[in-house]
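So that you can see what the record holds, here are the features copied from Swiss-Prot:
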| type | residues | note |
| --- | --- | --- |
| BINDING | Gly173, Pro174, Pro175, Gly176, Thr177, Gly178, Lys179, Thr180 | ATP binding site |
Amino acid sequence: MSERDTALEKYKSYLLQHREWDSKLKDLRFGNRDLVKKYDKTEDDIKSLQSVGQIIGEVLKQLDSERFIVKASSGPRYVVGCRNNVDQSHLVQGVRVSLDMTTLTIMRILPREVDPLVYNMSIEDPGDISFAGVGGLNEQIRELREVIELPLKNPELFLRVGIKPPKGVLLYGPPGTGKTLLARAVAASLGVNFLKVVSSAIVDKYIGESARIIREMFGYAKEHEPCVIFMDEIDAIGGRRFSEGTSADREIQRTLMELLNQMDGFDYLGQTKIIMATNRPDTLDPALLRPGRLDRKIEIPLPNEVGRMEILKIHLEKVSKQGEIDYEALVKLTDGTNGADLRNVVTEAGFIAIKEDRDYVIQSDLMSAARKVADLKKLEGTIDYQKL
């Protein structure tokens, strides 16, 4: 072998070694990067274990570009500085901050305090409901979407015409006609934040607590816009005010006054809307019903023949059936019933099928169930619902 060939072979072997060491170096660099990450994480964990807790305070006033007056959670007020990495433009009156234990320097900005009751309202899931699953209320759905959906999705339409969009809507009518179902359909179709409020749960035995929950509820809604607040059974706190009464009645009246104040404080083109529901509209306070607070009142009546047929078809859609179903006969037999009664008819028909050891429903099951529900309706009292 010539000297040239020997040198060439050596060059090739060195080149292969170089590539091999180069790939090993890359692997080591990647391993080193992972080790550095683990080291930094361990350092942070050690610091967090060794670090001292911080005091929670509230900003009262900014004195100059570097100093703030802060009220600590324990009560006293201090003039303090601020860390360089804290955005001072967010340090306005009322903002919660954490303070260093020794120097009382503002360390970070904290989110606003949320009452657990309000937080539980916000995690209420409206469910997988669409307007297609609400039968016999086409006109009411149109009116509700005009008030709630249109201002949230197309506020420029109202600016163009020069009118102010409504703030809220009242749904009233007999029990079981679909008031809560409509509100859930609105929340599910819009995909916005949704606060489900049971009005009776707001009332607290301690003076001022109910009004505080109302304030926190509206404050949370404004911070998480767009938001829809649904207040069910509003007659629990929205009843007509009177001069006599116990201390509990006066507390409910204070709660109502706070609610009226919060509704008046809305920005018209704000992204917070209210839906209220009741089956006793005659007991509500006139101040709550006036335009500017509840601009539109939508009556949810008992379904007519067309509505009852739509509701029955919706409830029977996923039910195993055999033979032809005579919907017209069912509709005539269920005169004066509401949507909840019609759902009960389908459930009772299912029970009859189970008793007879069948896995499907037939026409006679539905007719028997409709007669049973009609007999039970005679036990219920009636209220004459006047248009508001």
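Just so you know, glycine gets a Cβ as well, placed from its N, Cα and C.
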Quiz item: So which other residues, same chain and not among Gly173, Pro174, Pro175, Gly176, Thr177, Gly178, Lys179, Thr180, have a Cβ within 8 Å of the centroid of the Cβ atoms at the ATP site?
Solution: Ala277, Asn279, Ile300, Asn338, Gly339, Ala340
Quiz item: What three-state class does DSSP give Thr180 (ATP binding site)?
Solution: helix
Quiz item: Of Thr177, Thr180, which of the binding-site residues has the most Cβ neighbours inside 10 Å?
Solution: Thr177
Quiz prompt | For Pro175 (ATP binding site): DSSP state (helix, strand, coil) | solution = coil
Quiz prompt | Close in space, distant in sequence - Gly178 (ATP binding site), Cβ under 8 Å, 6 or more apart | solution = Val134, Leu137, Ile300, Asn338, Gly339
Quiz item: Ranking the binding-site residues Gly173, Pro174, Pro175, Gly176 by other Cβ atoms within 10 Å, which is at the bottom?
Solution: Pro175
